Amino acid sequence: MIQIFFLGTGAGSPSKKRKLPAFLVRREGLNILLDCGEGTQYTLMNNKLGINSIKIIGITHMHGDHVFGLLGVIASMGLLDRKETLYILGPRDLKDFLYTSFEYSKFNPSFKIEFIDNYNDQNITIATFKTCHTVESQGYLISERDRVKIDEEKLEKEKIKDWRVMRKLKEGKTVEYNGKFLKPEDYLVIKRGLKVAYTGDTIPCQSVIESVKGVDLLIHDSTFLNEPSAFTYGHSNVADAAKVALEASVKLLALTHISPRYEDVTEHLKVARRIFPKSILPDDLSYITLK
């Protein structure tokens, strides 16, 4: 199970309805923050989302609406006496930006900060992919590892209830049971891991489409409803995001990075759903659960 909290779904500058980009991804105790617009620490604390429980932060690019909240989050972690290592992924300039800011603000973190290119553990991987913006930018693909499960329905049908048999089958061993040899490949099924992709700011481009194919959730730049010059600014219109979702055969599309010029987003959803019916436009502080 993966939960995604939409902490900030706006763009450029905050509006009354939408704060700046930030998304919290939770998976069985692992908390990942994607982008960190100004005010993210307040949103995390005010909604009891555990600022010090964040293990990994991924920044898509160095524009202020995506990164200006990072210093505050890290400073608050220090004030809360964090000891655990914080892992950060991001563009090449991010490390210099942070440590220069630490130097001028006389801040010395009480914990280790490690800059990484990707993340792997026994349950999940985080990879980056190239996006197409006006500055160096990258998206994030969070993938659960596939899991092997016992076909309980088949075992029940064959009246096999011995837990020792089940354990050996799951270990990939052939088991003799009531005069019959049970092969693991006949009783094991692969449960496909969930996948979540976040583009940050981007125009629709092939590198994004190829990287997000088949994901369970695509969070895609949808800055404008129908702005002819969207590509000039390195952003997508709603229809662009929907076409990417359609071509990449994703399961669900979340429109985000909504320009503050729009108070009513009813038309955004109508446009998206005409192209890709499984589209949503989350409000700030909404969340979804993938299973």
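If you go along the chain as it appears here, the first residue is 1 and each next one adds 1.
Here the Cβ of each residue, glycine as well, is placed from N, Cα and C on the backbone.
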Site co-member for Zn(2+) 2 according to Swiss-Prot, given Asp65, His66, His257, out of Asp146, Asp186, Asp201: Asp201
Greatest C-beta neighbour count within 10 angstroms, which of the binding-site residues Asp65, Asp201: Asp201
